[in-house]
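What TrEMBL says about this one:
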ACT_SITE  T297  active site
BINDING   E255, T297, D471, H472  Mn(2+) binding site
BINDING   H412  substrate binding site
DOMAIN    247-535  domain 'Sulfatase N-terminal'
TRANSMEM  37-61  transmembrane segment
TRANSMEM  68-88  transmembrane segment
TRANSMEM  117-135  transmembrane segment
TRANSMEM  155-172  transmembrane segment
Amino acid sequence: MRTFFHNHRLFILCLLTLWLKTFIVSAFVFQVTISNILQAIVFILNPLSFILVFFTIGLLFYEKVQRWYFTILLLLLSITLYSNAVYFREFTDIITLPMLVMSGNAGDLSTSVFELIKWYDILFFIDFIVFALLLWKRPGLLPVTQLGFSKNRRLFAVAGVIVLVVIALSQVERPQNPETMTHSFDREGLIKRYGLYNFYVYDAFLHTRTAVLAVISEEDDWEDIEDHLSQYRKPPNPEAFGIAEGKNVVFISMESIESFVIGETVNDEEITPYLNELIEDSYYFPNFYDQTGQGKTSDAEFMINTGLYPVGRGAVFHTHTDNEYMGLPDMLRDEGYYTASFHGNDRTFYNRDVMYGNLGYDYYYSKSYFDVTEENSVGWGLKDIDFFEQSMDYVKDLPEPFYATFLTLTNHFPYELDEEDHFIEPYTSSSDILNRYIPTVRYTDEAIRLFMEDMKEEGLYEDTIFVLYGDHYGIAESHNEAMGEFLGKEIDPFENTQLARVPLIIHIPGQEGEEVDTVAGKVDIKPTIMNLLGIPEYPHVLFGTDLLSNQREDFAVLRNGTIISNEYMYTAETCYDKKTKAPTTPESCDPIRDRGEWEIFYSDSIIYGDLLRFR
């Protein structure tokens, strides 16, 4: 053994340091929870299975090649580990292979990325730096020796056995739903059972599998989906049918605005004074949850326009732009509407220039249609007040009735705002992100107020239904300590899921306000708007139910595997009683888990198989 260590010191040290580093990051950065001894064993061994196989292969090479192979492999896997750690800090998720096709957006992310990088991140690469310096200055300290396969079968057999043991244990530990592996929406569970590096092997398998589904899918594949949809389909509210018939429709995507700011104050000043006022005369949904995946804002657009869930890997706006969709803009065009979208960012960002046409938009007013200067821009682009003000030059000339969506930008991570644009003082806490978040939310609130005033001045307000929604969460879990200070409570998994709520406000001028407590998500918006406009649902509604229906069931499934009903919440592999906010028996959540898993599975099947071409 001593001889082996002496002859293969670089191999052993690279393997052990990477194994230890991966274990530490998985446990403390990815926040993987361990429930039992078997999970702990699998969690410890699973990174070793991948590392051991690929490092052992290097022993077959000549000594000179080995040095390059081990150091480059160490660097590549360290970059993979570090990239995911940085991404996890803000998005609480793992980078998937389909996200690589979204790399064209990276040029707009520089500010956000630099905000996430910490000075101590050099520790992710300290082993590589040390080994590289030693190989340069003192290569004799890290000897390598070529091993022939035939003479060292025992070592390769050990590597193979460890891989097989990890696979076997992970199969025992994974949930016994035969479709779970195809769902892949519980990324934490996959990392826990397979490890980060093995996850990418599995992700590559999924990527290949889903790529061929559109080719092999058949019309018969729709039957099971239709059975599921029929089982949970509820009739819309007949009393609300057509109360906004013929009106213009305006959607406002409120970037990163969460529900916790509604009605809250900082230093006795309201964070969202205008939204608070608007809610008094609107339908307001306080239990409306963020269901977006890795596509974030584009996922929110996808859900409200199609009634489908986003995919769990990447963004539909990038991966499935050529599919058949029963888009809300397309349907409204058939009803005589002119459809347009307004966004102060580049036309190609998130592939909107392609996807919008497929959804049925007549026109896309992107960055080139606005006067964007250094003075009226911040963070990701045009400030919201200027965005709405310049948009009105186009809105007032749109043919009526029109369907128009507006995507705001100012309240985007990392929440930068010029001091002269502050309408409220920053919050003071241990989190700079939360502190800056409050003024940018307040700025967007003011921008919306001014936009509504402009709509009134142009004579468009009374003939328009307004739908305002938070597109996705704003404050990541890494800031939960500061959020606990702000809210005056400990942020446990239950409360963390409550922070996934985003505001939904449906304002119909002249309509009395009402707070609707139903548990819901963005897939419920499309059937709700269709009913208000007097458009029959079937066959245009897939998932989701009219939010005003007296027969709807409280239900929302999030893309991370969390499922909420009126009584229970399943999150972080734990079932909670919503009344007590305490864990309860796992069996209590079985019905909603079953429905939630099939909802996601069938929605994914529709998208990956392009099944709407058969309807």
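Just so you know, glycine gets a Cβ as well, placed from its N, Cα and C.
Same-chain neighbours of the transmembrane segment (117-135): 10, 13-14, 17-18, 21, 25, 67, 71, 74-75, 78, 81-82, 85-86, 141-142, counting only residues six or more beyond its ends whose CB sits under 8 Å from a CB of the stretch. The local packing around E255 (Mn(2+) binding site), expressed as other Cβ atoms within 10 Å of its Cβ over all shown chains, amounts to 25. Between the CA atoms of the residue listed as 'active site' and H472 (Mn(2+) binding site) there is a gap of 7 Å.
When Cα-Cα distances from H412 (substrate binding site) are compared across the binding-site residues E255, D471, H472, the shortest belongs to E255. H412 (substrate binding site) carries neither a helix nor a strand DSSP state and counts as coil. Take the CB of H412 (substrate binding site) and look out to 10 A: across all protein chains shown you find 23 other CB atoms. Figure note: comparing Cβ neighbours within 10 Å for the recorded positions T297, D471, H472, the maximum is reached by D471.
Per-residue confidence over the domain 'Sulfatase N-terminal' (247-535) averages 97 (mean pLDDT, predicted model). Under the three-state DSSP scheme, the residue listed as 'active site' falls in the helix class. Summary of the Mn(2+) site environment: with the site residues E255, T297, D471, H472 set aside, the chain residues having Cβ atoms within 8 Å of the Cβ mean position are S253, M254, S256, T292, K296, A300, L407, H412, G470. According to DSSP, D471 (Mn(2+) binding site) sits in a coil region rather than a helix or strand.
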